[in-house]
Amino acid sequence: MADETAVADTGAEQPGESSGTGESGESGEELRFAYSGGDSEEWAGDLTGRRLGSRLPRLVGRSFALAWAVDRGAVVALLVCQLVSGLSGALGLFATTRALGALIGAAQNPGHLGSAVPSVLVLAAAAGVRAVLGVAIQGLSNRLAPRISREAEFRMLEAATNAEMAAYDHPGFNDRYDKADRGVEVSRDMIGQSQNLVSSLATLVAAAVVITALAPVLLPLLLLTAVPQALASVKGERITYLSFLATFHDRRMLNMLRWNLTHKDQADQIRTDTLAPYLLAKYRASGTKVDRTNDRAAWQRARVTLLGSAAGGLAAALMWGGVMFLLGTGRIGAASAGTVVFALRSAAQGLQGIVGYGSDLMRTGRYMDDWESFVEEAAGQRLDRGALVPGRPRHVALHRVGYRYPEADEDTLHEVDFEVRQGEIVAVVGENGSGKTTLMKLLSGLNLPTEGVVAWDGVSTRDLDPHALWRQTAVVPQEFARWPMSARENIHLGQPRPGGDEEVRRAAAASGADDVVARLRSGLDTLLAREWWGGVALSSGQWQRIAVARATHRDAGLLVMDEPTSDLDPRAEHRIFTGLRRLAEDRAVVLVTHNLSNTVIADRIVVMDRGRVVQQGSFQELTTRPGLMRDLWLLQQDRSAPPGVDGALRGD
Ligand SMILES: Nc1ncnc2c1ncn2[C@@H]1O[C@H](COP(=O)(O)OP(=O)(O)OP(=O)(O)O)[C@@H](O)[C@H]1O
């Protein structure tokens, strides 16, 4: 039998052990998925017969509650059908005794055959009603299942968009999302499983009522046949679940490799770097480990099922012996014995259904738990800030701000003071990894500081309604979205301004996206989604022009641009930077750039180094005064020096 050591028995590697591919000559850190599965281990501890017994009613309740939320009429109809079906099952069984008695009498005296007709008719009617109700129940379940699934998905998506941005940096968040997603997938099965469970229970109760009336002594024996199989089923579930946990990291690895091997973004490098055999070997190695663990679990489960079936079979033999004993000693008549046989068969079916559908429902319930916890608290990351609604910000500032990414060993930002006012352009420069993008995330309220305060017109971003704050924010991130929508939608993002297309065209003109749109086959109507939808493909630079147009179209008081021109040709870049001053008239503009000549247009330049602000000043001041900005500026100019001239590199 399986027990707590099931994982170890499966031979799977435990956290901390190698999950690499075993290639020789490799050193360094092993790629391991950082999240161990959180409360899933706790869940394995819950997989005991007693806990399941108390959980099933709650799971059924939850299924019907979710169904109730999407279609009350169908739920009422379903419950009525179930009830009537159960009653007609019991009625049919009781009618069996009479019908059998009459038939046995008619066998001895054919003239009495007519007396069997009424009870046979009741039998037939009960069977007919059950059959019709079965179809109705099926139809209602089919109606409810997709609606439940869609509702579950909607709630999950809503929860995901209401999570803190920092959630994505928590190792567990994406995993919890995946699990919740699995919950959505299986939610459609939940109502069918619940109603089959209830129906099996109704069948069992009807049969038990009949057996209690005719031969109560058989009832404990009946239970005895069911218990070993039920226990075996629970143990089997536990083994399967533990092997699922044990293969967690390798299954993650398989997913990651599958994505990398097939995704378009890497497809060119997979080929030119001849990387495929190496990645495929990793895939095969992880796959082999998963298979090995699953094989062991399957073997364990087979052993447990065999034991359960053998014990159940023994109990069944006892029970049938009991029926023969009762009949042989004249304690029940032939008609009652016949009915008991029917009832026992029906009870066995009911029990089997309870065990089978019960364990299916438990499995579904586990995923639904994950779904529920995600929906309720977005994996602990639900946006939970103040409700103050900011106006167009006139002053955005950081006061002694520190920021540490979740699970990071050290702070990314240290004691940062920073400000930008409406009408001002502030450029932020610094070497890679100095914290510029992180600073942008804090300014735009995407992340909250772990120390200090980020204030919009004196109010901490913690106290502001985040959605209202983002309505006042326009951001061009380094990695901007390429929405599979029309060019127009890609600029107005479903939030057209009163001027309609006029405003869209003006924003496009400011970023050079007007030239892109002019060349599209249907102008602003053109679908920008080549891969799936037959639309038009844009180059990286053309997309970047659209992304900048998107930000300028927004009527937001804070404009944050993180490397907005990295892919642009000089003409487009020139257009954007010369237009920035006009944009800044009623906005606070923050610009991150590595191209230091672009910082000439800024009112102030903030220089960052290893998470600290190390210099501030105008372009003129910073490029003439010794310091990081001047060093970087001279390095950038160095490429223009003729061969052999190295004076610029000295930085003097
Ligand atoms: N999601 C994250 N989780 C943990 N650490 C992060 C995360 N994002 C960034 N960091 C760390 O924060 C530091 C600063 O990153 P950031 O992206 O802010 O730098 P940057 O100045 O914008 O760099 P670049 O010029 O390359 O764009 C880096 O050292 C990086 O390791």
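Using N, Cα and C of the backbone, Cβ positions are placed for all residues, glycine too.
Note that the coordinates shown come from a computational prediction; the quantities given were computed from them, not determined experimentally.
Marked as region 'Disordered' by TrEMBL: 1-29.
Look at TrEMBL and you will find 74-96 (among others) tagged as transmembrane segment. If you look at the transmembrane segment (74-96), the same-chain residues 6 or more away from its ends with a CB under 8 A from one of its CBs are 64, 67-68, 119, 122-123, 125-127, 129-130, 133-134, 136-137, 140-141, 143-144, 195, 198-199, 202-203, 205-207, 209-210, 213, 338-339, 342-343, 346.
If you look up TrEMBL, you'll see 76-363 marked as domain 'ABC transmembrane type-1'.
Annotated transmembrane segment per TrEMBL: 116-140 (among others), in sequence order.
Within the chain, the transmembrane segment (197-224) has long-range Cβ neighbours (under 8 A, six or more residues past its boundaries) at 56, 60, 82-83, 85-87, 89-90, 93-94, 97, 137, 315, 318-319, 322-323, 326, 331-332, 336, 339-340, 343-344, 346-354, 357-358, 361. Residues or ranges marked as transmembrane segment in TrEMBL: 197-224 (among others).
Positions annotated as transmembrane segment by TrEMBL: 230-248 (among others).
Annotated transmembrane segment per TrEMBL: 304-327 (among others), in sequence order.
Summarising the annotation, TrEMBL assigns domain 'ABC transporter' to 396-635.
Within the same chain, residues 1-2, 215, 217-218, 221-222, 224-229, 231-233, 235-236, 239, 334, 337, 340-341, 344, 348 sit at least 6 positions outside the transmembrane segment (304-327) and bring their C-beta atoms closer than 8 Å to a C-beta of that stretch.
Across the domain 'ABC transporter' (396-635), the prediction's mean pLDDT works out to 92.
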